[in-house]
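**Student:** Dumping what TrEMBL says about this protein:
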type	residues	note
ACT_SITE	HIS43	active site, tele-phosphohistidine intermediate
MOD_RES	HIS43	phosphohistidine
BINDING	ASP46	Mg(2+) binding site
Amino acid sequence: MAEADEAMVKAKEAINEAHHFQTELIQSEARGEKTEISVLLIHAQDHLMNSITVKELAAEFIDLYKKLEAKGE
């Protein structure tokens, strides 16, 4: 389980960094600055959302396996 916890820490750091860039784009547009919307940007946004979802799902699985391990199953 230590490997899983370590991987989750790394995933959180990477997602936080990507989310920071996303927030910068949103704030830039809120200030009236134009952002060129490309297929690549849309694709990146899609990957970020999916990464967040999968990280949350992985956390649930890790928690479940920890509970099962604690029960000796």
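If you go along the chain as it appears here, the first residue is 1 and each next one adds 1.
Placed from the backbone N, Cα and C atoms, the Cβ positions cover glycine too.
Automatic, uncurated: that is what TrEMBL annotation is.
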**Student:** What's the number of neighbouring CB atoms sitting within 10 A of the CB on HIS43 (active site, tele-phosphohistidine intermediate)?
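**Tutor:** A count of 10.
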**Student:** Tell me the coarse DSSP state (helix, strand, coil) of the residue listed as 'Mg(2+) binding site'.
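**Tutor:** The residue in question, the residue listed as 'Mg(2+) binding site', is helix (DSSP, three-state).
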